[in-house]
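Input: a single structure, listed below in structure tokens.
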């Protein structure tokens, strides 16, 4: 996918919402911000490839409604019904996107509360679909509220500052400490605090992960694009995965997980499901499974697997591959397979 637009919104010292959006790649936004700097301590930004609405400055994120600004990854499936509801309440839509619906919905809910967190909680209950969103309100400049459902979000923990992103790679230059939000989580962050609530609204504790990734993990380096880089990194990823799990010519089966030996002895067929470079790795694995283990293997792109009616083979093992561990189609395919009685998974994180 190619970025078609980008934007940034910042709350300045006067608690005013400042926003710049540009058509094209991030470089265009960088040039625009250089000409008109945005000064403030709280901000959100986004790069977009069109799902709802054509590529344009108007459709670029962040979207706003009054004092609110929103960035969002995912697809809101019931956005048309919500759009009509909000129009009946007097809201005027300036874009064709589903994300603007979120901005107006939060603004509406905020009319009955002084808490941005509560407004977001009420708003997300009305959404159907996938979202990883961050909301800010210029009247509450110290706060950001994030919500995750079907689209990844990670919190980066700094010293006197905290961050949110869809992937830890975006934050490696500022922190090595991360909290990965779980499905249904809502988080409220300030410069010094992080509060997370689970899908039931209860305060939750999430593990802090220390990343050992190098800064150049987020850079293309000598490669033409990230897909090419990830393909060439697969031998290293394979070595890291096998380390501690192979002793000379023997596989230490228990290192794979409890009960792995009993499961693997029954396997008669393997189904690999993945996207992008993980799909490329799966194609290689198919040759190895069939030539070395003598077990038949199929490989399928996750978006195809999850939407077709598939036949479950007896004693079939499903392996899902994901470079980030958060690929939406792959996770959906895994959930579907579990309902069908298949189970298995591996992530290269």
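Backbone N, Cα and C define each Cβ position, glycine as well.
Because TrEMBL annotations are produced automatically, they should be read as predictions rather than curated entries.
Features reported for this protein in TrEMBL:
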type: DOMAIN; residues: 1-192; note: domain 'Glutamine amidotransferase type-2'
type: DOMAIN; residues: 252-349; note: domain 'SIS'
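Taking H, G and I as helix, E and B as strand and the rest as coil, DSSP gives the domain 'SIS' (252-349) the counts 44 helix, 21 strand, 33 coil. Taken together, the residues in the domain 'Glutamine amidotransferase type-2' (1-192) have a mean pLDDT of 91 on the 0 to 100 scale.
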